[in-house]
Amino acid sequence: MNGFRYQKWDPLLIVSQIVAVQTLYYLGLGFWVLLITITIDRAPSLDYLFSYEIFNITNWSSRLFTGVFLLNALTSALAILYIVGRYKQCLDFSITIHFYHFIACWIYNSQCPRMFSWYLTQFFSIVIMTILSEHLSKKYELRTIPIASRVDL
């Protein structure tokens, strides 16, 4: 079958896309955390990436790092756009990123995240990442194809 947008199932491509998008997710998150920790004069730590206890939104610094996760959803949406580039796969990759992040947090903390605010932040991060990457992918997929109007002889 040689139809439009036909792709055969390629597990190596899918796994490499997952690894690339997950890597860019953590690079983006690490960049934003580093930028914020330097700005507020704190030492960078993996706790800001993986510890769910920073999501205790009773103080301003915890709210700031919650915002970092939501900001990273914007940059991760761009990663999904450039690595995956398919409208129908944006939700799949957004959930996959957060599923592996959930597993990493569980391993780092030696227990399942227990704070409701952590789950709420991850949910909104998935929503932002999915909507933005779908919107941008749809714009990219639906762009007009330029057709030459004249033939040079």
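The first residue you see is number 1, and the count goes up from there.
Cβ from N, Cα, C; glycine included.
Here TrEMBL flags 12-40, 60-84, 91-109, 115-133 as transmembrane segment.
If you count C-beta pairs under 8 angstroms between the transmembrane segment (115-133) and each of 12-40, 60-84, 91-109, the highest count goes to 60-84. Cβ atoms under 8 Å from those of the transmembrane segment (12-40) belong to residues 48-49, 61, 64-65, 68-69, 71-72, 75-76, 79-80, 83-84, 93, 96-97, 100-101 of the same chain, restricted to positions at least 6 beyond its ends.
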